[in-house]
Ligand SMILES: *[C@@H]1O[C@H](CO)[C@@H](O)[C@H](O)[C@H]1NC(C)=O
Ligand SMILES: *[C@@H]1O[C@H](CO)[C@@H](O)[C@H](O)[C@H]1NC(C)=O
Ligand SMILES: *[C@@H]1O[C@H](CO)[C@@H](O)[C@H](O)[C@H]1NC(C)=O
Ligand SMILES: *[C@@H]1O[C@H](CO)[C@@H](O)[C@H](O)[C@H]1NC(C)=O
Ligand SMILES: *[C@@H]1O[C@H](CO)[C@@H](O)[C@H](O)[C@H]1NC(C)=O
Ligand SMILES: *[C@@H]1O[C@H](CO)[C@@H](O)[C@H](O)[C@H]1NC(C)=O
Ligand SMILES: [Ca+2]
């Protein structure tokens, strides 16, 4: 075992003995008003025998059906006691292992006697809670009429599907299990989780002198269902006497299990709900052991709380995903099997599964908070100047050729604006209007009457001919005819 685990076990042990981690949260006043502070927390230890479900095996192991007589080890010839399942005063059913005894009347579960010797007298007692528990103190089992000479304590981490031995008990460990006898006191931090066989609780010292069998918790932390396998009853310190088998049987009057619900440091209460123990989970966790994050609170993966740093530990709260544009939809739902949150009817120009993006044609306002109504700003791209109405993350539109500016509502040099950007027709530098023409807003040359062409570069008359500045081609032709055919009639009158 690594030092880290040893330290962890030690921490847990200390934590279980100190009255700490009882509060999950408290209201603390700060400069900005009252705020909740969250802490690692756990339920108080309780006597878990009250909640325990007991099953004994094999069927018919409980005495009294049919009724039978039994003797005692101390006085094997006084056999007047009787077990009768049909008589409440003489019955010894399993629930007498967990009852609260009143008026110092000891009540106990009792098995049939070892009449079938040499066939072994075996009995299993399964203790279950349908809830993970953590032992906080030693487990005590009280045997009337002597403690078993051989037994095993098993644990299950999977609600009874599989079992591992937890501790072996025998009056002779080598003989019963071929194991060296050890005591829990011999265990040190480096081998504390080792499974041992102990002879401490199986030796015959008289049935009245010592009734208890313990499982010492110390730092050996336990989370389990228990199975007590009783393999051989008390023999009264000698060999089996075959002529009186009625004095051999098991009888248990009490099983004490001081434990707390395992809530992964996310609950300070553990209550009985519909017959099952249930952690009252905080920190936005849920589940019987607070072993997962609540719907929607899955921004990061679930973690158990931590005892460190002292004194309040770390709650490791489950949180709402930060990427959600929180508040832009009141119709978000959690899809369990996909483990995602999805929203419909995103408002405020948001879109996406969590309303976490801006709609097309909008961009993210970098100075606004995610939950601000103005988080998405319209791109406002100029319809004539831009390729489409979408913009990039900082609001820049995509411009057509010749257009420029954030919104594409300006033209680069060499272009003029007229419902979009067009290449200049004329200017004052390269594309000068000729022959006294003037450039009108880079769009066209305004030519004198005798000139034409884009830059007024072309004369309206043939070289050497006298032309006036009529603008119509037909009129010009007519004038040309007149010039040619009727000069003598017209010109002298002018
Ligand atoms: C007791 O439990 C063990 C482990 O599950 C099993 O192997 C054994 O058969 C059981 N004995 C009786 C008497 O039910
Ligand atoms: C165990 O507990 C869970 C949660 O409380 C419950 O849903 C389930 O039915 C219980 N099982 C039994 C066998 O009682
Ligand atoms: C545990 O370790 C100690 C010393 O490190 C040793 O004395 C003891 O026998 C060990 N116990 C077992 C059960 O191995
Ligand atoms: C649950 O999560 C919300 C949102 O992240 C947070 O404001 C709240 O404090 C959490 N509650 C607890 C009990 O931790
Ligand atoms: C961005 O958000 C801030 C804060 O809400 C707001 O003052 C500002 O006007 C917003 N900018 C635009 C371009 O809408
Ligand atoms: C948006 O486009 C402008 C101009 O091309 C560029 O300077 C800016 O970095 C771009 N922003 C993003 C977020 O891509
Ligand atoms: Ca009892």
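Backbone N, Cα and C define each Cβ position, glycine as well.
What TrEMBL records for this protein:
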SIGNAL    1-19  signal peptide
DOMAIN    37-276  domain 'Laminin N-terminal'
DOMAIN    379-423  domain 'Laminin EGF-like'
DISULFID  379-391  disulfide bond
DISULFID  399-408  disulfide bond
DOMAIN    422-457  domain 'EGF-like'
DISULFID  447-456  disulfide bond
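Taking the features listed in TrEMBL, we show where each one sits on the structure.
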| residue | record | contacts (Cβ under 8 Å, 6+ apart) |
| --- | --- | --- |
| 379 | disulfide bond | 361, 362, 363, 389, 390, 391, 395, 397, 407 |
| 399 | disulfide bond | 385, 386, 387, 405, 408 |
| 447 | disulfide bond | 433, 435, 437, 453, 456 |
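Mapped onto DSSP classes, the domain 'EGF-like' (422-457) shows 0 helix, 10 strand, 26 coil. Its Cβ taken as reference, residue 391 (disulfide bond) is surrounded by 24 other Cβ atoms within 10 Å in the chains shown. Cβ neighbours within 10 Å of residue 456 (disulfide bond), excluding its own Cβ and spanning all shown chains: 23.
Within 10 Å of the C-beta of residue 408 (disulfide bond) there are 24 other C-beta atoms, taking all protein chains into account.
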